[in-house]
Amino acid sequence: MSVLLQSHFRASGLNLPFPISAIKKLNSCQSGFAKLHARRMQGLSDPALHLGQMRDWLRRIGYQPSDLDRLNIVHVAGAKGKGSTRAYIDSILNEYRKTLGKPSKVGLFTSPHLVCTRERIRINSEPITEEQFCKYFFQVWDLLERTAREEGLDPAFKPNYFRMLTLLSFHVFIQEGVDMAIYEVGVGGEYDTTNIIERPVAASITALDIDHVPTLALSVRQVDKAEIVLLHRAAEKSAELNWIELHPALETMAIKPAEKFQYNNASLAIALAVEALQRFGISVQRKESQTGSASYADLPAEFVPGLGNMKWRGRCEVIRLEKQHYYLDGAHTQDSFQVACSWFSKLPSNSKHKRVLMFNQQSTRDYIGLLRTVFRLLTNKGIYIAKVIFCTGMTYKNRDYKRDFVNKNANPKALETLELQKELQGEWLRLDPSADVAVLPTIENAIDCVQGLSGEKVSLTCS
């Protein structure tokens with residue numbers, strides 16, 4: 001660690017600003033809708049430049065990419081399934097931490113967050129504390145400003161939101177003595193922010209994506225065209241690429257949800273955990289199948305609770321209250337919606353219960369196409385939706401956000417006029433002219449609406 005960083009920590013002390021100040025400064029790192037829109041229109045984006053900037057920011061807070069090697073990072077890429085895969089790995093490694101004390105501390109860097117920003121940076125499966133978040137955030141923030149002034153740069157120029165959190169996670173994990181960390185990519189691709197990680201323990205591709213590092217890469221089976229690309233890129237980068245098939249041990253294990261995609265994610269997580277554990281002298285017998293795919297026999301006892309007890313909020317999640325049952329999933333692609341609707345259609349239901357669809361989409365994705373997919377899939381399954389609610393991602397009825405959810409990248413005019421929600425309403429009514437469809441400005445309004453249907457009061461806050 002640099003002398004600059006050490007002296008800064010000694011000077012920092014424990015007089016920490018209130019956590020809301022840290023979140024406010026972090027939110028200022030969002031580009032904002034106007035800038036993002038201008039960049040998209042003008043094509044002003046150089047991903048290679050962004051990766052170079054990331055290395056420079058890392059240097060300015062006192063580290064080199066080689067310093068990240070001590071974290072023994074497992075790198076998870078892919079278009080879908082990353083959340084479940086990283087959660088399985090985290091759960092397995094923490095079982096070993098509890099039983100063998102190795103690894104001693106497990107870090108997890110993930111996105112997005114559901115309740116608080118601190119969820120993105122976890123140690124031993126728990127979000128870092130407010131004190132830790134605040135202390136380490138301001139150490140990073142102050143170092144970036146100080147080194148900018150010393151090097152004649154603009155102190156106001158900061159990493160964007162995701163890059164700032166990535167830098168913060170590196171700093172937190174190194175300072176807290178994490179000896180194994182799981183990292184999810186951001187947007188993915190060769191120039192992803194997380195690709196300043198040069199020597200991960202293992203890299204993985206959950207679906208249709210490529211990791212850049214010359215190391216062992218594990219992938220679930222892909223469609224033919226994707227497999228050809230992955231093989232080509234692996235050879236180009238001198239990486240050993242292994243295909244992961246369904247692990248036979250999972251055939252008798254209760255995986256939730258019991259969907260094919262989840263068994264694939266769990267199989268990939270097993271392979272990654274096996275590679276990671278070797279860093280601590282823990283070996284699991286590895287065999288090669290007749291097809292040349294990697295498999296592992298006789299899984300140790302730690303894998304069973306690690307796989308069976310894994311929980312990942314917002315992915316096929318069920319919250320049951322007395323009169324209201326919430327089925328939550330963060331699907332945002334055609335394939336993901338297909339999986340979510342398949343899962344929902346298999347859940348037990350009571351014909352007396354009204355089904356309500358709460359749908360939020362505030363990005364530049366093909367939201368109309370996604371909505372049509374939901375309608376088609378549910379209709380084909382014979383599922384009737386009694387009421388449809390389209391709302392924004394804004395939290396409270398006073399048109400304000402919870403501080404952890406401030407979104408400066410959304411079009412403020414569209415939020416004010418509910419332009420997108422009204423377009424979605426029109427499309428659903430075109431698909432089902434008899435439908436009961438509401439457009440509401442906030443999440444709190446949407447929950448109030450559901451409460452009115454059931455007569456049961458629900459708190460908006462989650463623990």
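Just so it is clear, glycine is given a Cβ too, placed from its N, Cα and C backbone atoms.
So that you can see what the record holds, here are the features copied from TrEMBL:
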BINDING   Ser111, Glu184, His212  Mg(2+) binding site
BINDING   Arg315, Asp329  ATP binding site
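A simple way to gauge crowding: the CB of Arg315 (ATP binding site) has 21 other CB atoms within 10 angstroms, across all the protein chains here. Around the Cβ of Ser111 (Mg(2+) binding site), a 10 Å sphere holds 16 further Cβ atoms from the protein chains shown. Minimal Cβ crowding within 10 Å, among the binding-site residues Glu184, Asp329, is found at Asp329. Looking at Glu184 (Mg(2+) binding site) and Asp329 (ATP binding site), their Cα atoms lie 19 Å from each other.
Here Ser111 (Mg(2+) binding site) is positioned 13 angstrom away from Arg315 (ATP binding site), judged by their C-alpha atoms. Asp329 (ATP binding site) sits 14 Å from Ser111 (Mg(2+) binding site), counting Cα to Cα.
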